[in-house]
Amino acid sequence: MKRFLGILVFVVMVLSVFAGPNHLVIFHMNDTHGHVWGTEDGGGFARAATLINQAREEVAKEGGAVLFLHAGDVNTGIPESDQLDAVPDFLALHYMGLDAMSLGNHEFDKPFEVLEKQYEVAQFPFLGANFVNEKRGGPVFEPYIIKDYGDFSVGIIGLVTEQTKVLEPIYLGENTIVDAEETLNMYLPIVQEKADVVIVLAHLGYHADGGRPNLSVEFTTSDELAENVSGVDIIIDGHSHTLLETPVVINNVIVAQAGDNAENIGRIDLWIDDGRIVDWRGEVIPLTSDIPEDPFIKMFTDAFYQLGSEALNEVVGVTKVYLDGERAHVRSDETNLSNLIADGMIWKTGADVALMNGGGIRASIEAGEITYRDILTVLPFGNTLYVLELTGKDIMDVLNYAATIPDGQGAKLHVAGLTAEIKGGKATNVKINGKPIDLNKTYKVVTNNYVAAGGDGYTMLAGKPGYDTYFRDADSLREYIAHLGTIEDYTSQERLIELDQVK
């Protein structure tokens, strides 16, 4: 018997030597923004679930494992999801077996109580090592997790962009976002003691190829993190909506990001031997229409879609006056509806000035109850609010261009926070919040992403410092109307007074 046991131990030892490296497959998504539902053209969580489940079956046969991660911004983008506080998104990720997600800045679009509800629904870790409570100090959610796979372990540290402090500050409350790199350096020794492989699940943004936003806050990007920090094996990133078709390697760190809107899913295959990555490969897989949708995920998310669609008919406010969005009117003069839209843009972002193009306003709202569907008819393009940092001189350039626009053009400018007189194709007597404009002062100006990119001839705005909030203009108007409750009267206020009409 003893001889038999000795032979058995010897065989096990020999097999372990020649067993080869362990196989770990990592699937990752980011910036899905409410796109839980696919279309006939592809995309959606149900198709992603099919690929993940297939890999689980295949890898299990060889004794490997699958890790599924999301790099943040589950929230905000599709009305049917937004109406339901992204509950269908988080439930779908739960049933898809998501192991963890990092917090994205759009997880703070709504009151903190909503995020807490989403956490309860999700039943998977929300990672954010640098999202801390200012009063008690320390992270609000889990800073990291350790996944033990028997022969090896993986540590996952979550980080959220410091940009959140200027992008979505309203609902941070007594919490804040602290320096991502400093936080990572604090947790790395702890995680390295417990794990063989270290992954940073980050919502920081990748800007190694340029396009780094110019903001009034210091922030870290994933490429900078890879360059500056040692001891990290992989950074799975989000926030910049970058499609890295194959991961890039920076300072021996694998950096991956999979685009946005659930159009793709990233896959990284690792082979791990003796606690080290000995080989890897990575790709981004487009979720094309030929990938079948997982029937369970599709079934229950379709039911939520119906609920969300019905929610579009829910009343968000009441107006006792006709809100004028007639094409001929908003392309020639300010109206009560254009003023309402611009006021809502300031209310949502805290900007000093709002700029809105008349061509973006596509319908009126009759007196009576206002539904979200009504609002989407007024603002149907899905444009997002874009905040720029403009000097007084920059604003004068905008106004002087607007002063040359003849009636009937979509570039007709509507404003909030600002008044001016237009005469002879020039803007004069310009005041911002009642005070004369200071040409050297920098102002916070909100417009939509179309105008910010130079649309409708506002080319002087293209390339100016600023950032996309990813707040849909329709959502901003909906929330502002809900805030007002009942619109008793919303008259035109002659914000841009045309002393001579440009025809």
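Each Cβ is built from the backbone N, Cα and C atoms, and glycine gets one as well.
Taken from Swiss-Prot as is:
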SIGNAL    1-19  signal peptide
SITE      His106  site 'Transition state stabilizer'
SITE      Asp109  site 'Transition state stabilizer'
BINDING   Arg327, Arg362, Phe381, Tyr450, Val451, Ala452, Ala453, Gly454, Gly455, Asp456  substrate binding site
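Note on proximity: of the binding-site residues Phe381, Val451, Gly455, the one nearest His106 (site 'Transition state stabilizer') is Phe381, by Cα distance.
Taking the C-alpha positions, the distance from Phe381 (substrate binding site) to Asp109 (site 'Transition state stabilizer') comes to 20 Å.
In the three-state DSSP reading, Arg327 (substrate binding site) counts as helix. For the substrate site listed in the record, the two most distant Cα atoms among Arg327, Arg362, Phe381, Tyr450, Val451, Ala452, Ala453, Gly454, Gly455, Asp456 lie 23 Å apart. Taken residue by residue with DSSP, Asp109 (site 'Transition state stabilizer') is part of neither helix nor strand, so it is coil.
DSSP assigns Val451 (substrate binding site) to a helix. Around Val451 (substrate binding site), a 10 Å sphere centred on its CB holds 24 further CB atoms from the protein chains shown.
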